[in-house]
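Undergrad: Shown below is the structure under consideration.
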Amino acid sequence: MSGLTATPQPSAARGPRRPRRHDPGRRDRLIDAALTVIAERGAAATTHREIARVADVPLGSMTYHFASLEEVLIEAFTRHADSVARLFDERLSAPRDREAAVEAVIALVSDDLLGSQHDLVLAVELYVAAARNPALRAVVQAWMARSRQALERHFDATTARELDALIEGLVLHSALSTDPMTPEQIRHAIERYLR
């Protein structure tokens with residue numbers, strides 16, 4: 001032997017190894033894929049395997065990036081809640097008077113919160129999962145606190161809390177009803193409460 005070491009050849013049974021991809025965004029893609037799976041199948045039917053399939057990554061990526069399926073669900077629902085809280089912030093940062101704030105709340109509900117069936121389903125899934133999971137209940141509590149904080153730019157704390165509950169009720173009603181409220185009915189409900 002000349003002192004050179006032979007490079008091991010891949011086993012014919014396994015086939016050639018795929019080169020490892022440099023994929024710094026993989027964890028984020030897995031969280032996005034988890035939201036897709038939750039919206040399509042429900043939180044209770046979400047699995048590591050299905051998330052990896054939707055993200056188009058090896059199954060082992062799930063356990064590399066997350067300690068448990070619960071951690072994935074918490075991160076996914078936190079991302080969803082943060083996204084909705086940003087909508088509240090964006091809509092309610094512009095109005096300069098109460099009348100404009102009322103219009104912003106109506107647009108927030110009619111255009112933003114009820115504008116996506118995907119997001120409606122995620123909201124319902126989060127509420128259901130949070131009813132049994134304290135970690136997810138904390139996600140909902142943080143989301144409600146941020147929503148109220150945005151509303152408190154224009155309304156006192158009591159009104160903001162009650163308005164937040166009305167908004168959540170309108171969203172749940174629209175997500176679950178076979179005869180959801182029309183935009184005009186939503187406008188009437190919000191105006192009736194706030195004026």
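Cβ coordinates are placed from backbone N, Cα and C, and glycine is handled just like the others.
Below, the features straight out of TrEMBL:
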type: COMPBIAS; residues: 1-10; note: compositional bias 'Polar residues'
type: REGION; residues: 1-26; note: region 'Disordered'
type: COMPBIAS; residues: 15-24; note: compositional bias 'Basic residues'
type: DOMAIN; residues: 24-84; note: domain 'HTH tetR-type'
type: DNA_BIND; residues: 47-66; note: DNA-binding region
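Are these features on the surface or tucked inside, and what are their neighbours?
TA: Across the DNA-binding region (47-66), DSSP assigns 14 helix, 0 strand, 6 coil.
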Undergrad: If you average the pLDDT over the domain 'HTH tetR-type' (24-84), what number do you get?
TA: 95
